[in-house]
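Take a look at the structure below.
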Amino acid sequence: MPDKVLGGRYIIQDKIGTGGMAIVYRGIDNRLGRPIAIKTMLPQYAADPSFAARFKQEAQAAAALQSPFIVSVYDWGKDNDTYFIAMEYLRGTDLKSGVRKHGALDCKKVAQIGSQIAQALSVAHRHDIIHRDIKPQNIMVQPDGNIKVMDFGIARAKNSHLTTDNSVLGTAHYVSPEQTQGKPLGPTTDIYSLGIVMYEAATGVVPFDGDDAISVALKQVNEQPVPPSARNPRVDQALERIILKCMQKDPKNRFQTAEEVFKVLRDYLAGKMNEVNNATAQMPVMATNAVSPLNSTTALPHIANGATQNRKSATHRAQLRAQEDEKRHKNKVIAGVLGGTLVLIAIIVALVSYFMGQGATQEVPNLLNLTQQEALMKIDNSNFFQRGTVKEEFSSTVEKGKVIDQDPDAGHKVAKGTQINIVVSKGAEPAADVTVPDLKGKSPSEAEAILSQLGLKSQAGDSVNSDDVEVGKIAAQTPAAGTTAKAGDTITYQLSKGPNEADVPNVVGKTEDEAQAALTAAGFNVSVQREESNKPEGTVTKQSATGKLARKSTVTITVAKAPSQVSLSTLVSKGMDATEASQKLSDAGFGVRVKRQPDALVKKDTVISFPDKAKKGQTVTLVVSDGLPLINDSH
């Protein structure tokens, strides 16, 4: 069973132990991520509807008990044929194993454990829950020394049959006298068992032992326990009185509430003196003890010599009276023997009835999964039971018209004339309408969590291109958001694989407005940067992408702007060689035109003048000296 998942969330990891009715595993709650203990009912019990119904009732009852000294029950359920309870995972060892390993505990530790058990029982009793199986095996001692009480109510089902395994014998060691006799039980039955648990913790042994469950239970009814201090001299009288009061045979002579036990133990731990009266109830006469008077002798009075006839007569009458008294005494003894024997027989019958489940009653038949008509006919044909109420409830597991529950449960022994109430399936409950949520932009895990809370299922479809949803997020869904679905319906989602590709239009040479319109129409975003150019101002001189590109991508265009004026004196100067000046202007982006003119004052082929400023791309005129002018000789 390890790695199996129960209820869709509880992962079984490894087995912790096996009890009389169940196997306990360590596991984890995959929804909350916390460690848990998972108790699964053994198959031979799970097949019995009465055990299954009680398992459910007990799990629900235990879940209502909130105490630091009671194991927490989180959930219960059925997965196929497996009934399970998810509960708090406890670390530590059970008290039985601890006493076996370490022997008798210190008196203060016994009182501390007893007071915590009493607090747990007080909570249970306030909820009208009687544990019925308080024993050290059901007390977990945690690493911090505090205890947790386990298995509330489970003993009720387990003890309805007597087996020869150790679990039932172990229960017999701690069972109360009234429980063995099948009498009505109250909180004091748990107090008796608590007394035995403290007795064993204080001495290292149980007060009553025997070869089988019945012999031990007989001792619970008939024998007084050996005082704990006689078994362990370290047990002080104050604790001994508390333990023995818990173990009184008559429930009226015990502490009447678990709260009372807690307060007495609390005072003991605080060193306060607390008077505890142990009123010992008279025990039933056992046949072995009642026989002994038959072997006793009666002493006759001494007769003196020379006694008169009257004295002889008186003596004779006295002897006759003595004989009559002895005869009456013997008759009383015989009656006592018979009475003791009858008491013993009655106790044995009660014990056998308690452990074997026998009696002058009949077991309630199993009506589950029968049709309503079949169930009612079975009740009528029994000539023992009577029809009770018939109710209808929805069921997702049992078809319409068949019995899904009954009260009393199957297997219970009841008196003649008991009414059997049944619940009949109305079929699966119609699924509630659910508004489909908008999943666009959500991750798959986010979507599954949202749908799960609404009772909807999810599945992934084929991925699609999307211009506005990033890759890996949900781009589309079916049914659409805002529509109506039924609980349990499946919502199919499609993840985005990004936008489609498109051809990037060539916009070089176009005006800025023309370029933006063309790129936007093709499905691209546009970014504009400007650059001085000798191209016409406002026209596109270049673009960042060509060919194919994913839609919604950004294409950057460069738009020409008029060049700014430059001070030419930063490039050339008067008297500079004309060739050098032309080259510098050309390198700076200017066109150059050379105008030559004679100048007697400026060296030939050097710059005479140039404009102060010019825009890049413009043509600059350099006036260059052509040397001395020609002289005309008129002579």
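Each Cβ is built from the backbone N, Cα and C atoms, and glycine gets one as well.
Note: TrEMBL annotation is automatic and uncurated.
When Cβ atoms from all protein chains are considered, those within 10 Å of LYS39 (ATP binding site) total 24, not counting its own. Annotation source TrEMBL lists ATP binding site at LYS39.
What TrEMBL lists as domain 'Protein kinase' is 10-269.
Counting residues of the domain 'PASTA' (359-426) by DSSP class, helix then strand then coil, yields 10 helix, 26 strand, 32 coil. For 359-426 (among others), the entry in TrEMBL reads domain 'PASTA'.
Summarising the annotation, TrEMBL assigns domain 'PASTA' to 427-497 (among others).
For 498-561 (among others), the entry in TrEMBL reads domain 'PASTA'. Mapped onto DSSP helix, strand and coil, the domain 'PASTA' (498-561) counts 10 helix, 30 strand, 24 coil.
Residues or ranges marked as transmembrane segment in TrEMBL: 333-356.
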Local backbone state of LYS39 (ATP binding site), from DSSP in three classes: strand
I'd like the per-state residue tally for the domain 'PASTA' (427-497) from DSSP, helix first, then strand, then coil. 10 helix, 23 strand, 38 coil
